[in-house]
Amino acid sequence: MQLLAQTCEAIAATSKKTEKIAIVATYLQSRTVPEAALSTLFLSGRTFAAHEERTLQVGGSILWRVVGELSGASEAKMTAAYKRHGDLGDATLGVLRGVAPEESTLTLKEVDYMFQQIAAVSGPAAKSRLIVTLLARATAPEAKYLVKFITGELRIGLKESQVEEAIAKAYGRELAEVRRANMLVGDIGETLVLAAHDKLATARMRLFHPMGFMLATPAESANEAFAEFEHAIVEDKYDGIRAQAHISRDKVRIFSRTLDDITDSFPELIPALKAIEHEVILDGEILAWRCGQALAFSELQKRLGRKNVSAAMQREVPVSYVTFDLLYAKGQLVIDRPLQERAAMLDGIFSEGAPRLVNVDPHGQASLMFAEVTPEQRVLRAPQARADSPEELDRLFAAAQERGNEGLMIKDIHSAYAVGRRGKSWLKLKRELAMLDVVVTAVELGHGKRAGILSDYTFAVRGGEELLNIGKAYSGLTDKEIAEMDEWFRAHTLVDHGFVREVEPKIVIEVAFNAVMKSDRHASGFALRFPRILRIRDDKGGEEIDTLERAEEIYRSQFHQRTRRIHRGDTKAQSS
């Protein structure tokens, strides 16, 4: 464990990607294969393989108490350490220095065993006892990184893609082979073992091991979107939960964008998905659905996180699964095939009698109108259209919004499915009102009827490895949501300043705003004008929030639009 902590320090000390990869590769070569496999997990910010359902379920408040107990530090000293470092792992190093053991006796195998024990028990008290046992044996630098591993906030400027590069470098393998194997097995540790034994080619796709989702890049206008592709498929952008459905003859599992198993939250989808009678992996969206129309996302949120969904809840918030892509079929992974071919294969899975959302007019243009759905017909093929001009895209965009959907997805018909990556092969055209996915970093007590309730949220975008505050919002959520969030934030407070609390950066929210402005008030250098919360993004993790670069893009685009309007105005004035 000591050498891994030292390696993490070395990685954090350089900003050069090539140096980070070289440091990791050298470290991996110095370890046994089992040790190296465990290390790749931890270096990727995980305690268990991506495909595993196990999690530690340890909040910052538990770690705060444990570190305080071991160090003997007062609440004031703990708070000062956290304020100074802005990171619980670094604060741990500060308060345990001179208190923790000087000699290292902790092995990676023992760390892995303790993580398994922590995941297996329930309740803060039981988890705290195990964490005390683990950290009590660690040196201060080791404790720093153990805390970071537990929180999943490593923050050393290392991505899993760079760990893949290090594996390729350490064992002399082709990077493309390493990446493909990791995508297939869903376990960076197992990928290392295959690379070490020159068996990457034996990696096989396994059902019920979720893959990363292909993500879209925002487009600012129909003109921009249309200019990207000569030939594209156009679909509605749904306001639901992105979900990957794995189906065999006797089993169905549904995974969220964060690769969590959410099958139990949607039991009525299981028989409908089983009826497909093919071994497949589908990509799609779960929608709250009634009377042939998608309901607001706030309705769908009522279903999230429930292990036992009552019949009454199923009636109140009925759901359907709208599928728009095929990743695996007939024992083969099809992600490398062009979208047009995958779409044709997906069409073939849906027999003539199966429910469909596409009504084709005499000109062969999909109308994008929704069909009525019976309770037994909960799996639907997403409608697709083609657009021959930006004006046609605008028409389809307006029609999608009339149906209560967010906007449009525009997809290159020749594109492969880029697992876990965002690119310009898929574009998303959303509402004209600008939006960002941000993470809550601090909360404040409200006023008036919300006095005493943590209802004002400060939020951040990601700038490299840092979270940079960019705004504050207090409107948009229901009273019920605010009450639930108040409870969560109190349980996950890192630093309590009285009126304001710094909280674990875990809650992702989608905020809308009118403009991005330059500002010295926030660390990002920007502020959002008239921000309001659209929804809580339970389906997204903190690593998926928007970046500072994205905020800068919106700012520049506003500037260019203003410049064009001014130019048009000047031209009109001169002509008159």
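From the backbone N, Cα and C atoms, a Cβ is placed for every residue, glycine too.
Swiss-Prot lists Glu235, Arg242, Arg257, Glu285, Arg422, Lys428 as ATP-binding residues, and of the candidates Phe324, Phe350, Phe489 the one it assigns to that same site is Phe324. Considering only the residues assigned to ATP binding, Glu235, Arg242, Arg257, Glu285, Phe324, Arg422, Lys428, the longest pairwise Cα distance works out to 19 Å.
Here the Cα atom of Arg257 (ATP binding site) is found 15 Å from that of Lys237 (active site, N6-AMP-lysine intermediate). Ranking the binding-site residues Arg242, Arg257, Arg422 by C-beta neighbours within 10 Å puts Arg257 at the top. In this structure the C-alpha atoms belonging to Glu285 (ATP binding site) and Lys237 (active site, N6-AMP-lysine intermediate) are separated by 9 Å. Sequence-distant contacts of Lys428 (ATP binding site), defined by Cβ-Cβ distance under 8 angstroms and a gap of at least six in the same chain, are Ala216, Thr217, Pro218, Ala219, Lys237, Glu406, Gly407, Leu408, Met409, Ile410. If you take the C-beta of Phe324 (ATP binding site) and look for same-chain residues 6 or more apart in sequence within under 8 angstroms, you find Glu235, Asp283, Gly284, Glu285, Leu346, Arg381, Ala382, Gln384, Met409. Every protein chain shown contributes to the tally, and the Cβ of Glu285 (ATP binding site) ends up with 22 other Cβ atoms within 10 Å.
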